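Below: one structure, written as structure tokens.
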Amino acid sequence: MNENLTGKNASSEGYFILLGFSHWPHLEVVLFVLILMFYLMTLIGNLFIIVLSYLDAHLHTPMYFFLSNLSFLDLCYTTSSIPQLLVNLWGPEKTISYAGCMTQLYFALALGTTECVLLVVMSYDRYAAVCRPLHYTVLMSPRFCHLLAVASWVSGFTNSALHSSFTFWVPLCGHRQVDHFFCEVPALLRLSCVDTRANELTLLITSSIFVFIPLILILSSYVAIARTVLRLQSSTRLQRLFGTCGAHLMVVSLFFIPILCIYLQPPSGSSQEQGKFIALFYTVVTPSLNPLIYTLRNKDVRGAVRRLVGQERPVHS
């Protein structure tokens, strides 16, 4: 391990040491370049969706309203941990202040939970559009869409407040080396010298509520969508529906599968190291791929881009 990590005053109450990928020092430069590339893709891609959805009136629909929420959410989610990770990968110092660590823990957990709920809301929107087309405008009224979005954000930040407050009160003993690349609840609980079973039980219960239940609801909605789609006679409409719903299912898979892998694997030294790379996938890779998944082969987005570019061209008489 890097001598700078062990030589640092790890027992200082003002700082934590994020070990991150220091066990593989030869990988840190490669990881820095790759993560920076994915982070820039995340910023550009998600900002593109937000701006385009705002500027083009044809995209002022529930689907793109929720997609803009997801893009903004991904921007915040990656920014809560990636800049700190890039700083730690670039230099020998791996420290983060106590306040910075607790802030990172709160926002990373809040935004991750919000995304779980928001993906359920987006699946309900697709269910209403496909299975209840005649009632869609009534079911997904602007007021109701805003309420669903607010409920997603409030539930995420409320859940995080619960865990963060419990974690704040856990006494941390001995070293301050967090065996992860960002501050998360399980990694900080491992630093405690008291019984944390109550914290772990609370984490398990809320994880079931905000991970397993959303996943079941999403899959149920797409089973209903699949049944409706298979009864359609129009091949063009069928392809359009599969394209839209397929994109959402791909995003759901990229987000939920890595999270399930982390929570289902038994705790061990090797699983902790694997967990870092799995967490790297859903905190870095998935948010950068979401804009590509939703915009590639999307006629609405291509049309919006053409209209936007067309407005900027000079009009010839």
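Here the Cβ of each residue, glycine as well, is placed from N, Cα and C on the backbone.
The transmembrane segment annotation in TrEMBL covers 29-52 (among others).
For 45-294, the entry in TrEMBL reads domain 'G-protein coupled receptors family 1 profile'.
Per TrEMBL, the feature transmembrane segment maps to 64-85 (among others).
Sequence annotations record features per position, and here TrEMBL assigns transmembrane segment to 105-124 (among others). Sequence-distant contacts of the transmembrane segment (105-124) (same chain, six or more residues past either end, CB-CB distance under 8 Å): 63, 66-67, 69-70, 73-74, 76-77, 80-81, 148-149, 151-153, 155-157, 159-161, 163-164, 167, 182-185, 188, 210-211, 214, 217-218, 221-222, 248, 251-252, 255-256, 283.
For 144-162 (among others), the entry in TrEMBL reads transmembrane segment.
The transmembrane segment annotation in TrEMBL covers 209-229 (among others).
Summarising the annotation, TrEMBL assigns transmembrane segment to 241-265 (among others).
Taking Cβ pairs closer than 8 Å, the transmembrane segment (277-296) reaches residues 35, 38-39, 41-42, 45-46, 48-49, 67, 70-71, 74-75, 77-78, 81-82, 108, 180-182, 184, 247, 250-251, 254-255, 258-259, 261-262 in its own chain, all 6 or more past its ends. Look at TrEMBL and you will find 277-296 (among others) tagged as transmembrane segment.
Long-range neighbours of the transmembrane segment (209-229) within the same chain, counting only residues 6 or more positions beyond its ends whose Cβ lies under 8 Å from a Cβ of the stretch, are 113, 116-117, 119-120, 123-124, 126-127, 130-131, 155-156, 159, 238, 241-242, 245, 249, 252, 256, 259-260, 263.
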